[in-house]
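Taken straight from TrEMBL:
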DOMAIN    14-459  domain 'Major facilitator superfamily (MFS) profile'
TRANSMEM  63-85  transmembrane segment
TRANSMEM  92-110  transmembrane segment
TRANSMEM  116-137  transmembrane segment
TRANSMEM  149-171  transmembrane segment
TRANSMEM  183-202  transmembrane segment
TRANSMEM  272-300  transmembrane segment
TRANSMEM  306-327  transmembrane segment
TRANSMEM  339-360  transmembrane segment
TRANSMEM  366-390  transmembrane segment
TRANSMEM  402-425  transmembrane segment
TRANSMEM  437-455  transmembrane segment
Amino acid sequence: MKSPLGDETVAVVAATFCALLAFLQGIDATTIAGFTAMPGFLMDFGYYDKALGMYNIDANTQLMITCMVSVGAAIGSVIAGPLGVRYGQKKGCISVAIVSMIGSSVQAGTRHLGGLIPGRILVGIGIGMATNFVLVYQSEVSPRRWRGMLLGSYLVIYAVGGFVGTCINQATHTMLNPWSYRIPLLTQLACPALFLCGAYFVPDSPRYLVSRGRIAEAYQSYERLHGHSAEAEILREQEMREIIAFVEFEKQHQRSTTYVDCFRGTDRRRTLIAMGLMTCQNFGGRDFLFSYGTYFFLVAGVSDPFLISVILNMSTIVATVIAIPLVKYVPRRKILLPSIAAFVTCLLIFSSVGTAIPGSLIASKILITFMILYNFFFTIALVSLASIMISETASTRLRSPAQSIAVFTAWGEAVFWTAILPYLINPTKANLGAKIGFMYGGFGICIFLFVFFCVPEYLGRSLEELDELFIKRVPTRKFSSFVCTGTVDGQTVDEKSAQVLDGKAGLNSEHIEVPEPRVDA
């Protein structure tokens, strides 16, 4: 029986399977957010506050626990760039799974801050590398028509991980012993272990193999991913020639693949767009929602903060599931701009009401309602759409280092936000309460302007067509209407790739034997 996905079955399965590594990031964010409101955790890592009549956590300790994962992720994102260029995304994903499992085990095995912090850093390194390796791999192996949806699978599993984390916290938060937080931490081991079991069967990215001059292997990998029917063979020849031509063009004009090269020529614009979209996530409130959401509900006086966090994460899953099919049919900008405007409106509404009538029942209900709506629209715009577009933006040759720079930007800024948010929210410090929405609402207006003027439309474009659009310096708002011609450096794709296959260009100095097309009877 033929698969409904046809020739693309292996590519779709491989891209989705690698997304399992996103589970760790999702479950870690929500479980740690809940730990700071969990008595069993606070007994080991906090103190009893006589004035409040309950266990509390010092802002500095809270900062260390939350911030160290961002520090580790920033380190992981820097490591991932050169590793991805040299060893490829498949081996990178394997290293992610190993590091993540070690970090989660270290966290679960300690009751002291001195043991928890190294575990947090290791988990962060795994998360930082995963954000690079998985998304780059997915963007490179996914068929054009499925690329947006398959990149979205990373976000779905991330959201599911977050939902699972809140559900486990809801089940264990009443346990007045270390198992209240050890059980959620041990759950983090599941998906990395499952990935390691199947990693051997995941094909390498053909684009990575071409960038390393391994053309014959690239053809074989492409056939594994996209099938060997008569139609698949025709598409293979066409797409592989495009890949070879654009990689050769990039190598001829800029031969190195360092971080500095990401800011040279037409790659500068692409890198700045990716960095800008990552910055939008942070300044739109990602760390507020995912790292301190439960604690914020607690100090805001919500009666059951863990239950509300479960509902909040359910809205994340719903938003992600809605966003993924949309990216296949609806222009990216037509989703981004209205969603940003909607979440800014939600922020301003709950902040205005919470400031005007603080502590009232109606203010509490409005806070919960509009926080859920804010999270819903934020997830569609800056979690789902922005993450997909970041992975599509970089050129083939610099995709891994450019993704690393974007991820480092995100986690570097996350260190800043996780450092100051405890002091903004904690009732013994700034205690902003609902006023925090005014701050993020102001940032949201700036985000809207950035997307409107700087972020182009990618719908329906192959990665090689995007290369051509950026190389030809097409203005942002003309991307959707520009007609690609398939010419690079004054030559057609066939002419440029033929030079490489005949050994006359820079990818390899010897003639390259390309596998003969195989057509099933």
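In case you wondered, yes, glycine gets a Cβ from its N, Cα and C as well.
Below 8 A, the CB atoms of the transmembrane segment (339-360) and the transmembrane segment (402-425) form no more than two pairs separated by six or more positions in the chain, fewer than 3 in all.
Between the transmembrane segment (116-137) and the transmembrane segment (402-425) there are 3 or more Cβ pairs closer than 8 Å, counting only residues 6 or more apart in sequence, so the two stretches are in contact. Counting only same-chain residues 6+ beyond the ends of the transmembrane segment (92-110), those with a CB under 8 A from a CB of the stretch are 18, 21, 24, 72, 76, 80, 83-84, 116, 118-127, 129-130, 132-134, 137, 182, 185-186, 188-189, 192-193, 195-196, 199, 202. If one looks beyond the transmembrane segment (306-327) by at least 6 residues along the same chain, the residues whose Cβ comes under 8 Å of a Cβ in the stretch are 30, 33-34, 37, 148-149, 152-153, 155-156, 158-160, 162-163, 165-167, 169-170, 173, 289, 293-294, 297, 335, 368, 371-373, 375-377, 379-380, 383-385, 388, 459.
In the predicted model, residues of the domain 'Major facilitator superfamily (MFS) profile' (14-459) average a pLDDT of 85. Long-range contacts of the transmembrane segment (149-171) within the same chain, counting only residues at least 6 positions beyond its ends with a Cβ under 8 Å from a Cβ of the stretch, are 12, 15-16, 19-20, 22-31, 34-35, 38, 134-135, 138-139, 142, 183-184, 187, 191, 290, 294, 306-307, 309-310, 312-314, 316-317, 319-321, 323-325, 327-328, 379, 383-384, 387-388, 391-392.
For the transmembrane segment (402-425), same-chain residues at least 6 beyond its ends with a Cβ under 8 Å from one of its own Cβ atoms are 59, 62-63, 66-67, 70-71, 73-74, 76-78, 80-81, 84, 124, 128, 131-132, 135-136, 259, 262, 267, 270-271, 274-275, 277-279, 281-283, 286-288, 291-292, 295-296, 299, 390-391, 393-395, 431-432, 436.
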